[in-house]
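Copied over from TrEMBL:
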| type | residues | note |
| --- | --- | --- |
| SIGNAL | 1-27 | signal peptide |
| TRANSMEM | 71-104 | transmembrane segment |
| TRANSMEM | 147-166 | transmembrane segment |
| TRANSMEM | 172-191 | transmembrane segment |
| TRANSMEM | 249-269 | transmembrane segment |
| TRANSMEM | 281-304 | transmembrane segment |
| TRANSMEM | 325-355 | transmembrane segment |
| TRANSMEM | 367-386 | transmembrane segment |
| TRANSMEM | 393-412 | transmembrane segment |
| TRANSMEM | 424-449 | transmembrane segment |
Amino acid sequence: MKAMKWVPDRVLIVFVLLLLSLYVTSSHHQNTDQKTVSSEIHVTKRVQTNDQDAKVFYKHTWPRMKFGWKIIVGSIIGFLGSAFGTVGGVGGGGIFVPMLTLIVGFDAKSATAISKCMITGGAAATVFYNLKQRHPTLDMPVIDYDLALLFQPMLMLGISVGVAFNVIFPDWLITALLIVVFIGLSVNAFLKGVQTWKKETILKKEARQNVRLNVLSDTAGTSNADHPQTESHINTNQTRRKVSVMENVCWKELGILVSVWILILALQIGKNYTRNCSALYWVLNLLQVPVTVGTSLYEAVLLQKGKRVIASKGDEQRRLHVWKLMVYCTCGLMAGIIGGLLGLGGGFILGPLFIGLGIPPQVSSATSTFAMTFSASMSVVEYYLLKRFPVPYALYFVAVATAAALVGQHLVRKVIAILGRTSLIIFILALTVFVSGISLGGVGIANLIKRIEKKENMGFGDLCSYRVRS
């Protein structure tokens, strides 16, 4: 932790420099052609309901980069969203998108693209922070690479399927699913947090009683220094041997995940340059199946044979049954489908899922953030090639999210070290998911009301006729 004491000061300096650079940039834009004001093209979603030839044309809304109250409020909300989101292992996209649309003024699709950039920046900073961190109770990295290797490929496959469903399903159905899923996840996480809090309270009471008994059993000549009466030993972040980053990273598993990331990214980029529902389009989609399923199946076979274990659960001596591995892979696939359908990263699903599987909160947060880095960064590359977001705005908000992630991780670990309660991570996760569900649900309902007033088509879409024009 001593190595990280520089984080808040350095982050504050970087943040101030970013605001100054933003002010200079805005001043430059004000001195340029005033016609740029009219470049804030409003969303025009035109639906032609001629039988089966419905085509959706889309134009972005990119507000001018101007230093003012919108940037300040957006930066504060983005900072808090990234800090809480990365600590909970959910990224914070459910907070970023409403902030970018309602406050800064982006259209929904551009806001989603910038949100992915912010998630990637915060997740990458969190992974960097966690590379030297160890498991709270076991002698292993805090990131469970075997757990990530089992879930991540299926998550990426599910996201591809969910994105297709997002185009097909009507907005009212997506909004309803979003509200139900997020409220359900937040309530479940909160109840799990309460349960963990009660267990920690019992452990702390037992530890105090043991300390008192040890002190009373001491002879008069025994020094009390040998039996400290503090609760530091109850702390779940026990002091462990320090290891280097090279030793703390499972390079083989990381290499496999990076290889899968590159292959899926190449297939997704190729798919973007093909005509929807063409033969090549379906071939590129189906090629994702052997890559992702094969990787998860490889890890599942090793876990079933006992050659590898999900050690973060304390299952070092146990083999996982086939049915349980199938459930895990299915959960990863469903998490990706839900994430892609609702337009969010898989972290909102993986975080609560890992908690429900009995993974320690620190490991759950670190591993879900690690997995989320791959899926979010893949989306960023695709959005960049498709020119779906303004680079200056994205860089600024990425810097805000990165700074917030480092500060959030540093402060929360200090609080946990003092209080000895890892349940705080679960409560932060529940709060972030709940706020995201309410904010996204509110935005979705408002958009639905506008579409109803304009008497726009509210039915299911056609994947084969969907087009985006930047």
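Placed from the backbone N, Cα and C atoms, the Cβ positions cover glycine too.
Unlike curated entries, TrEMBL annotations are predicted automatically.
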- Residue numbers, six or more beyond the limits of the transmembrane segment (281-304), whose CB comes under 8 Å of its CB atoms: 146, 149-151, 153-154, 156-157, 160, 256, 260, 263-264, 267, 270-271, 274-275, 310, 319-322, 325, 328-329, 332
- For the transmembrane segment (367-386), which recorded stretch in the set 147-166, 172-191, 249-269, 325-355, 424-449 gives the largest number of Cβ pairs separated by under 8 Å? 325-355
- Using a Cβ cut-off of under 8 Å, list the residues of the same chain at least 6 residues beyond the transmembrane segment (424-449) that approach it. 81, 84-85, 87-90, 92-95, 97-98, 101-102, 108, 171-172, 174-175, 178-179, 181-183, 185-187, 189-190, 192-193, 196, 342, 344, 348, 351-352, 355, 361-362, 364-365, 412, 415-416, 458
- Item | Long-range Cβ neighbours of the transmembrane segment (147-166) (under 8 Å; 6 or more residues past either end) | 174, 253, 256-257, 260-261, 264, 268, 285, 288-289, 291-293, 295-296, 299-300, 303, 310, 312, 325, 328-343, 346, 350, 354, 359, 367, 370-371, 374-375, 378, 463
- Restricting to the same chain and to residues at least six past its boundaries, which positions have a Cβ under 8 Å from a Cβ of the transmembrane segment (71-104)? 19, 22, 63, 110-112, 114-116, 118-119, 121-123, 125-126, 182, 343-345, 347-348, 350-351, 354, 364-369, 372, 376, 393, 397, 400-405, 407-409, 412, 425, 428-433, 435-437, 439-440, 442-443
- Item | Chain residues in Cβ proximity to the transmembrane segment (249-269) (below 8 Å; excluding those fewer than six residues from its ends, i.e. six or more beyond) | 131, 141, 145-146, 148-149, 152-153, 156, 160, 284-285, 287-288, 291-292, 295, 374, 377-378, 381-382, 385
